[in-house]
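Have a look at the structure below, then the notes.
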């Protein structure tokens, strides 16, 4: 691409009314299968308090909108292995024990999992007991002086390893932050070609409030009249090929910006959000899948599945 604007081949703009997460009546009625009591007796359910599907027919996953037994059986028949990537650079290795222990309790229970741990301190990766078919794979990488640089490099590394290794070992990649703990079931209901997660701070906000990159000179720039949702950089994924495409595009955009001395406002999260404006995710996860208890527990969240751990950012980010 050289210095060519990476998204310039779009000859149109994405201007339309923003979907409202908490106003589901905007869309026509529809029903999702919740559970089967027997072969003859089907119970259908629709949540009326939240948006369950986007205008481009991507489901938004909330508790009470899917049948885990049906989904688990379908994915077992496909013999799926899921890769879970985390970055534990510098002092962030202190979060690995809680992360892995809770993942073994709640993440993809009954399915094969590879935990891909990118770290500069492989000797600090804890030995956590794992169930059959689940493995920890340590991938040694260098660290960088600034935490912002580490954040930006995630796209490059996921992209590189997707091509070199992940494509041969797993069917799906789930890319998350390590300073978290699993708090409830996170299963195959999240899997799709390409998925993102509604940011807990912005799931009910208007697009004018989204913290997109607003400088036109940046490759991550999103105009104020575009965008559907604001997605969290700490939980996204899809098939290995779709994650490869996403991380490739984001990394290339970052390199163009870096050559111009530009760093997007929220590093990799800014480029992820730009990508999702033009390449719509095929499934969206509700804030159940990435939450911070500092925000309280709103009524719409029937479960909190993946929860931020309390931490002192200043004490660990650049140490």
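Cβ from N, Cα, C; glycine included.
Whatever TrEMBL says is automated annotation, not expert-curated.
What TrEMBL says about this one:
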- 269: active site, nucleophile (ACT_SITE)
- 87, 88, 89, 92, 177, 178, 179: UDP-N-acetyl-alpha-D-galactosamine binding site (BINDING)
- 177, 179: Mn(2+) binding site (BINDING)
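Of all the recorded positions given, namely 179, 269, the one with the smallest number of surrounding CB atoms inside 10 A is 179. Of the candidate binding-site residues, 89, 92, 177, 178, the one lying closest to residue 269 (active site, nucleophile) when CA atoms are compared is 177. Minimal Cβ crowding within 10 Å, among the binding-site residues 87, 92, is found at 87.
Summarising the UDP-N-acetyl-alpha-D-galactosamine site geometry, the residues cited as binding it (87, 88, 89, 92, 177, 178, 179) extend over a maximum Cα to Cα distance of 11 Å.
A C-beta separation below 8 Å, combined with a sequence spacing of at least six in one chain, links residue 178 (UDP-N-acetyl-alpha-D-galactosamine binding site) to 86, 87, 88, 92, 95, 96, 99. The UDP-N-acetyl-alpha-D-galactosamine site is defined by 87, 88, 89, 92, 177, 178, 179, and by the 8 Å test on Cβ atoms against their centroid, the other residues of the chain that qualify are 86, 93, 95, 96. Long-range Cβ neighbours of residue 177 (UDP-N-acetyl-alpha-D-galactosamine binding site) (same chain, at least 6 residues apart, Cβ-Cβ under 8 Å): 86, 87, 233, 234, 235.
For residue 89 (UDP-N-acetyl-alpha-D-galactosamine binding site), the same-chain residues 6+ apart in sequence whose C-beta sits under 8 angstroms from its C-beta are 118, 119, 120, 141, 143, 144, 150.
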